[in-house]
Amino acid sequence: MRKLFTSESVSEGHPDKICDQISDAILDEVLKQDPNAKVACETFATTNYLLIGGQITTTASVDYEKIARDVLRKIGYNNDAYGINADTCKIDIRVEQQSADIALGIDLDTEVIGAGDQGIMFGYATNESKTFLPLAITISHELVYLASKLRKEGKFKWARPDMKSQVTIDYTDESNPKIDTILMSIQHDDEMIEEEFKKFIKSEIMDVVAKEFELNTDFNVLINPTGRFVIGGPQGDTGLTGRKIIVDTYGGYSRHGGGAFSGKDATKVDRSAAYMARYAAKNLVASGLADKIEIQVSYAIGKPEPVSIFIETFGTEKVSKEVIAKALNENFDFSVNEIIKKLDLRKPTFLKTATYGHFGKDEFTWEQLDKVKTIKK
């Protein structure tokens, strides 16, 4: 029996990703002025309309509308035909302060910070790719990233901002994985030459990415399977912050606790603890303790320390699980304040996470491999 696994990604122009970017752009602007601010910002997008809401407690002065329009403009939504226009769309703001009840548990003092909510978070790493991420999600990200880049550079004729990718990897021979199928759905102008459009996608995007990963190019190809993708963006589908949590993480290859990332400051463990769990899992795998590691962590609202931590190696461990648990406990502190300090999560760097995955990019602090030497000892 063949072993096939599939993951998907979306471009920065996807309606849900528009919302993630606006929420994280607002978070960054708040943190620039007030690093200790409490932020939970949500965005809703539909045809030429945005609603920005949430709870934000800060001393910062923020122009929410300007930030939202700037994000839309940078993506390329500057035309009414695209579903939303940065210059003409209506924007409503419904932002309030954080609940005083929640603040009781979080604002303990500067050194002891309670978790912003209860919940479970997962972190995962595998040695099947250079980024320590599963191949399917990694390739999916690269496809839409390249397509968007070519569009912005004016090299991708007829393409519009809304794009999706889906990659199926054949793991029948686990030592030699292959691409089975690549699907791309790319919004396009009303008038275009379909054959030329599809030929460009196969040769200049799909094949280029496959070769980058030193994988086969004789895969099954699906491009805009309905035959037409003119109506897209928030006109084609309503967008919401936090609705692409599997795209943001491991493409379904690892479990997910259900909490979204974007628009949340680091006291929200949905985000910060998931980053820390990824950081720990990646360093443990890079140290050679296992081929695959998944870490689950849980918290109670207002409590600074996790309620539980669980490690799964899927039978790929190279040392005993006791040794792996010891390495985790000795090298990684999952208290909320220590996560924030270790990963430097008071800085305004979150907008970069809102597209093409929160993991696998070397510039992020939770992707550094600074614990490997210590663990190997």
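Count begins at 1; order follows the chain as displayed.
The backbone N, Cα and C atoms fix where each Cβ goes, glycine too.
As annotated by Swiss-Prot, ATP binding site applies to His14, Asp162, Met163, Lys164, Arg228, Phe229, Asp237, Arg243, Lys244, Ala260, Lys264. Secondary structure at Lys264 (ATP binding site), as computed by DSSP, is strand.
Annotation source Swiss-Prot lists Mg(2+) binding site at Asp16. Within the same chain, residues at least six positions away from Asp16 (Mg(2+) binding site) with a Cβ under 8 Å of its Cβ are Val10, Asp237, Gly239, Leu240, Thr241, Arg243, Lys244. DSSP assigns Asp16 (Mg(2+) binding site) to a helix.
With a 10 A radius on its CB, Glu42 (K(+) binding site) counts 22 other CB atoms from all the protein chains. Under DSSP, Glu42 (K(+) binding site) is assigned to a strand (E or B) in the three-state scheme. Feature annotation from Swiss-Prot assigns K(+) binding site to Glu42; the stated evidence is sequence analysis.
DSSP assigns Asp237 (ATP binding site) to coil in the three-state reduction, outside any helix or strand. The L-methionine binding site annotation in Swiss-Prot covers Gln98, Asp237, Lys268.
Annotation comment: Swiss-Prot describes 98-108 as region 'Flexible loop'.
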For the region 'Flexible loop' (98-108), the mean pLDDT of the predicted model: 54
Nearest-integer angstrom distance between the alpha carbons (Cα) of Met163 (ATP binding site) and Glu42 (K(+) binding site): 22
Using Cα positions only, nearest of the binding-site residues to Glu42 (K(+) binding site) (His14, Arg228, Lys264): Lys264
Among His14, Arg228, Lys244, Lys264, Lys268, the one of these binding-site residues whose Cβ has the fewest neighbouring Cβ atoms within 10 Å: Arg228
Lowest local Cβ density (other Cβ within 10 Å) among binding-site residues: Met163, Asp237: Asp237
